[in-house]
Structure formats: C-alpha cells, structure tokens
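Enquirer: Pulled these from TrEMBL:
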type	residues	note
DOMAIN	14-271	domain 'YjeF C-terminal'
BINDING	Gly125, Asn178, Val179, Val180, Glu181, Phe182, Gly183, Arg184, Asp248	(6S)-NADPHX binding site
BINDING	219-223, 238-247	ATP binding site
Amino acid sequence: MSDQPKMSAATKELLKKVRMMVPPMLEKFHKGQLGRVAVIGGSENYTGAPYFSAMASARLGADLSHVICTPPAANVIKTYSPNLMVHPIMREIGEVPASHEPASELASPIIAMLSNLHTVVIGPGLGRDKLMQATVAAVIKAAREHNTPLVLDADALWLIQNQPDLIHGYKECVLTPNVVEFGRLAKAVGIGEDEMPDTGEAGCKKVAAALGGVLILRKGPVDWISDGSISVKCEQEGGRKRSGGQGDTLTGSIGTLLAYRRLYLEGLWGG
Ligand SMILES: NC(=O)C1=CN([C@@H]2O[C@H](COP(=O)(O)OP(=O)(O)OC[C@H]3O[C@@H](n4cnc5c(N)ncnc54)[C@H](O)[C@@H]3O)[C@@H](O)[C@H]2O)[C@@H](O)CC1
Ligand SMILES: Nc1ncnc2c1ncn2[C@@H]1O[C@H](COP(=O)(O)OP(=O)(O)OP(=O)(O)O)[C@@H](O)[C@H]1O
C-alpha cells in the first residue's frame, strides 16, 4: 500500500508546475539569491505570530528571513532564533511622543528595504494600533510601486477591510483570510451574507473579483483559492488540531513560494 495522499489529476498537474518554480541549488549561487522574505508584524501582545511566519519562510527554503517589528517585540523574537534578522523599526502609538505620529517617517527605512526583498508578508501579530496600521499602509503603497509581491493576513486584513483601495487590482497580492476575516472582507466590499450562497468557491471568487483580481486563499474546512476568475481547491486533508499559528506558518510558506515564483519568472536558472 502506498503512503502517497490521493490526488486528482488537476492537483498533480498544479504541483508539477509548482515543482518547476523550486530553484535548484547551483554552485554559482550566493547567499540571498534563493529568497529574501520579510515579515512585518510583531507588537506588544504578539511575538509568536511573526516568528511562526518568518521561520516557516526560512524552513521552506528562503535564504534570508527578516522580521520588522516594534523594539520590545524585537528583543523577544531575537531570543527565539538566530536564523531571523530582526529590525525594531515599527512603533505603536505609546512608543512615540504624543501628538507625533510619524507613519511616513517610520515607513521610510522599510520602503528602502523593498528593492532588496523578493516578497513581503504583512500582518502576523501586527495588532490594530493606529500608527502600526498607518505605517503598513504606507509600505503597501510603496510595495505596489515596486511591484513587490505581498501576502496580507491577520491585522493587515483589518487594514484592507477599512481601506480596500490599498490593494484593489494589485495582482501581486495574496490575502489569506480565516473564516472571520473573510466575512469582514466580504462585508467591506459590499457583499452581504445573503449573497454568499456557500462557504467555499463562489464566495471566494466573488470577493476576489470585487477586489479587482487579487488572489484570495480562503481558509476553512476546505481552503479555496481564487483570483476572481480561476479557482482552485486544496484537496489534501489537514490535521484536526486548531492551535493558533497555523495561518501564520502558511503566510511565511507562501512568502517563500512567491519569492521562488519571482526568481523562476526572472530566469535565474535554466535556459
Ligand atoms: N502566538 C501568537 O503570537 C499568535 C498571534 N496571533 C495574532 O493575533 C492577532 C489577532 O488574530 P485573531 O485570529 O485572534 O483575530 P480575529 O479577529 O481573526 O479572530 C477573532 C475571533 O474569531 C475567532 N475565530 C477564528 N477562526 C474562527 C472560525 N473558523 N470560526 C469561528 N470563529 C473563529 C477567534 O477564536 C477569535 O476569538 C493577529 O495579529 C494574529 O496574527 C495569531 O496569529 C495566533 C498566534
Ligand atoms: N474548520 C476547519 N476544518 C479543517 N481545517 C481547518 C478549519 N479551519 C481552519 N483549518 C485549516 O487550518 C489552517 C489555518 O486556518 P486558521 O483558521 O487557523 O487560520 P488563522 O486564524 O489565520 O491562523 P492563526 O492562528 O495563525 O492566525 C487553514 O489553512 C485550514 O487548512
């Protein structure tokens, strides 16, 4: 008997394509060429989420994994793993003088890093602090100008539900809402529960289309992925444990895969 999971022909074909994007480890490559991923998140209440995300990006194979967070979170995250490069650039409102909310100043060194990053993940453990949200809004605008692939999850989805125009029509953007986040996003783009006949494909496709074709990975009993025109279902059965951090791990993994996709499209190897 085989231990291989059962897969449809469509899934096998899809995985074959994904396999083509996984870079070979050639002698000529230097450090950083096979993936530079940054996770923006990590605040007073949450230090685990950005760690799970960045470690997943590293363990899947990114050469360099960064975490961009607040100073107190940075001190904690640095003790978790020496693999991660941790930048204490973000600030919550209480960490700057009152009356001074320099979101654009705080975003500036992060924006300066963009040309050196293949993918940016935003949201794990970010929190909903006004200054943190404004800072990542400025980074998202700049990332669009750089055409940097983005993965937005957790509290970055809170930002998107309030300002959907930030990502509307941006094809290099992946949103990974859980059930609750998906419901909020749907409402934000004017799709009510009564217009959402199922919990799967149709709703996912509708919200992705309403956001101008961004890619949505809708997490739940079945994960559905859609860009508003094409939809794919994850057929593999997951575990039954619902512990916190599984979505964070997914974001870092997608971050590395998007970096690989970029390197493949740029023709880093082959030819
Ligand atoms: N170790 C850590 O630091 C962790 C931090 N986390 C962070 O915590 C912050 C808040 O995230 P939340 O996910 O709590 O916020 P949400 O606003 O998404 O969730 C709010 C509530 O919805 C509930 N919920 C989640 N999935 C549900 C489902 N399928 N059906 C019904 N109810 C459901 C949750 O239990 C929670 O009480 C984010 O910044 C996130 O990244 C989480 O990622 C978990 C791990
Ligand atoms: N009801 C469910 N049945 C089966 N699998 C589920 C269910 N809900 C979630 N999952 C699986 O768990 C993964 C993580 O989803 P979850 O809803 O926990 O995300 P999250 O809340 O964003 O995670 P995090 O705790 O990292 O913030 C999904 O990709 C999905 O495969």
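A Cβ is built for glycine as well, from the same backbone N, Cα and C atoms used for every other residue.
These figures come from a predicted structure and were not determined experimentally.
Where in this structure would I find these features, and how exposed are they?
Expert: Cβ-based neighbour count (10 Å, all protein chains) for Gly183 ((6S)-NADPHX binding site) stands at 17.
Gly239 (ATP binding site) has a Cβ environment of 7 other Cβ atoms inside 10 Å.
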Enquirer: Given the binding-site residues Lys219, Pro221, Asp223, Ser243, Gly247, which one's Cα is the least distant from that of Val179 ((6S)-NADPHX binding site)?
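Expert: For Val179 ((6S)-NADPHX binding site), the closest Cα among Lys219, Pro221, Asp223, Ser243, Gly247 is found at Lys219.
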Enquirer: What is the maximum Cα to Cα distance, in Å and rounded to a whole number, among the residues Gly125, Asn178, Val179, Val180, Glu181, Phe182, Gly183, Arg184, Asp248 annotated as binding (6S)-NADPHX?
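Expert: The (6S)-NADPHX-binding residues span at most 20 Å between Cα atoms.
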Enquirer: On the three-state reduction of DSSP, what should I expect for Val179 ((6S)-NADPHX binding site)?
Expert: helix
Enquirer: Within 10 Å of the Cβ of Glu181 ((6S)-NADPHX binding site), how many other Cβ atoms are there?
Expert: 24
Enquirer: Provide the number of Cβ atoms within 10 Å of the Cβ of Gly247 (ATP binding site), excluding the reference atom itself.
Expert: 20
Enquirer: Where among the binding-site residues Asp223, Asp248 do you find the Cβ with the fewest other Cβ atoms within 10 Å?
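Expert: Selected from the binding-site residues Asp223, Asp248 on minimum Cβ neighbours within 10 Å: Asp223.
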